[in-house]
Each structure stands twice: as structure tokens, then as C-alpha cells.
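Structure first, then comments.
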Amino acid sequence: MLCSLSLVLCGLLAGTRADPGGLLRLGMDIMNHEVQSAMEESHILEKMAAEASNPQPGGKAIKGLSNMKVKDVLEPVITLNFVPGVGISQCVSTGMTITGKSFTGGNMEINVVLNITATDRLLQDEEAGTPVFRSEGCEVILVSVKTNLPNNKAINKFVDSTLRKVLPGLMCPAIDAVLEYVNKKWAKLTDPMPVDKMGTVKYALTSPPATTASHIQVDFSPVVQLQEGQLIQLATDGSLPEFPEGSAKDSQLLLSATFLTAELALLQKSLEVKLKDKRVGKLPQNTRTLAGFIPQVAKTYHKPKPLLIKVKINKPPKVTMKAGKSLMHLHGSLEMFAARRHGKHPKSLFRLETHIGLEIHYSVQDNRLQMVTSMDSLLSLARESSSVGDFHEAELTGFITDYLQKAYIPVVNDVLHVGLPLPDLLAINYNLAELDIVEDALVLGLKTE
């Protein structure tokens, strides 16, 4: 008994698209789940039936009907279809029993099955910048009517008149109420969300949502801001990221590598550390171990001195992505010191310019994007200064790589543990998402269960 009518969530087609940092596709799976959830969680049909059964003082009475009650509301059946350039057609089928005393003086009982139609538009709220649904109309179509009253012309006219007066006022406000319930699930979308205490991320819309034959698409131009107020601009070079081919009907969130790069810029200062009292395997971190790679160190330090290492990150971390693999690039310097007694400042042995490549492993926990890194490679190592004479940096590659893996990577992962916020909309459970690394982007396949 499903109908062809439509609750329309109209997405305005975007014009010239700016370079988005994120793309969201809402397929029929998510939309079905959200509309059904709004109907169930709001209990709106039951509430409307209760209100109809308890009219307010001063309410307009229906001629020929008294003591009206509405009961036995059937669970609604909802079917959705996308309408390109318009929105979503929705069919809501339900039924109920209307009782009362008719003009004949007897008890009346009408069992009715109906479809509700409405046209609603998905707009972008000018003030908040969030999507918002607005209803433009509503109709109630009768599918079947059964009554305990005699079957004659006068009774049939009375039943028809009663239903035409009761049903629109009962069902159409219910549809509006469901839309309001859904609107609340968009309300926090553009609120700034913290990244530890370093800054915030705000998912601003690039343009109003667009509707195709298979999905609604929302383009994001995220605003990344340091705690002090400085905005971090997303890089505009490179091609626009795209969803994988053949996934047009799936609900997906795409986060570009440039957006993730901007977010990690919030954490740059936290990645600069001083390390000491560390071991690489069985090797103690002292000048005697270092002398095995740079013999000149043994001439200066006859007795072993503890080593201190300072890691400085000179550029914001950069994220790159190829199919199946993502790297975090850290450009900076690594300076090694020998500790000295009696409160003296450590002695700088050398400073190396470094380019570190860390492989990123993604997951979602508590609806935040989590990153865990592991050492991929030491992409470059160049001597900037040295107090222990000349040496070949290449001879230190293995030692430095092992040290970074054992001592520095845990620090990086501890910093990343804060997680990166994901768009807060429609109560989407990102913990269920399937993650896929594609060219220049991370794609989250969204699930409802």
C-alpha cells in the first residue's frame, strides 16, 4: 500500500564548486535510517492521536461527531526515492481507528488506511549555515476506509466529510514535527570542535547540498583555527579528490589529504620534544654508542656521557596518500647533545636536517578519527652543524632510524591520540565506518549498523 508521493528534501544544485576539504554523500541507507528514526523516536503519530482525543477548550468541533477518539495507530511504513535536483520523494503509509458518537446517536468506528504526502525543501540556513528542512505542503490520500455504520448515501457523505476534516489537521502537523526533529540533528554541524587545546575545526558548507539520482552530496570547506585565533589555510594545489568509482549509491565521507594536513598543523608544536634516557634495543644512549658510528666522538669523550636529543619540526606535518597507503611527512631537525655535570648546559654534538616519513594507520574511536604512525623511512638526512668534525650522515641512518622508531614515534602517537573531529550530523555513528585510503583522500564508508 505504498504510495508514490513525496516528502521532498530538496537540495539546491551547486554552482561553481570551491576546492572542498571534505565531501559527504548521503545514500538511501542513511536517509531511510534517519527519517525512520525521527518518526519512531519522536512518537509523533501517537502524540497527535492523543491530542486529537483530548481537544483543547475552545477547539472547533466537527459537526455530527462528538467524543472523538483516535487509537490503534499503525506503525508507519516509509519509502524514499531520490529526485535529481529536487530532493527525496517519501511515501508514508499508516492507519488508525477513529471512534466517537455520530449524528445518528450510535457509536461510530472508522478504520482508515492512508498515505501522507508533502513537499519539503532542504535549504541552507542563512544564519547558522546548516541544512534545514522546510515543509511547503501536505496531502492525505485515503487508501481504504471501513466503518461500522450503515452503508447509505448520507452516512458515506458524513464519513467522507469527517475524514477530510480530521486527517489533514492530524497528520500534516506530524510530518512538520518529524522535519523539526531531523533539523535538530543538523544543528551542531557548523559548531567549532576542539582538537585538544591547540585549536578548533569547523565544518562549514561550501555550497547548499546537491541532490542526484543516487545521493545527496554536501561539500565542506573546513575552517581550521589555532587557539590564538590564526586561521590555517588549506593548500589549493593538486587535483580535487573524488569518491571511488562505482560507489555512487553508498553513504561516504571523504577527507582530503590537504584537510588532514591543515588539522595536523594544530599539533605541530606538540611534536617538538627533547628525549633522554632512552635505549635502542640493547644499546645505551651515550657517547660510547655514538662513537661506534662517529669515531671522533671517542677522542672528545673518553668516558661515556648520556645523550640528549632535541627534535624540532620546522614545517607543518604534511599528509600524502596513494591507494592503500598514507604518509605523514615531518620536516625538521634533530640535534644531539652530550650531558655535562654540575648543572652545565649539554654540549651540542651535531644538528641534522631531517625529512621523516611515517606511515599512518587510520581508525575511528568515539566518533573521532584516530591516527597511529609507524616508521616508514628516513627520507633525507643532512648535516647542518657539528662540533665533532666531519662525518658521513649516511653512516647514522640506521642508528637514527632505530632511535626514532623506539623513542620518537611513541611521542608522536601520544600527541595524535587526541583524535580529529568528524562532522556532527544526523547522529551518524562513524565508529561503524569502513576506512579506505585512495588517491589524495581518506574515504569512510558509513554504515547504519
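Cβ coordinates come from backbone N, Cα and C, glycine included.
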Second cysteine of the disulfide that Swiss-Prot assigns to CYS172, among CYS91, CYS138: CYS138
CYS172 (disulfide bond) versus ASN115 (N-linked glycosylation site) - Cα distance in angstrom: 11
For CYS172 (disulfide bond), the three-state class that DSSP assigns: helix
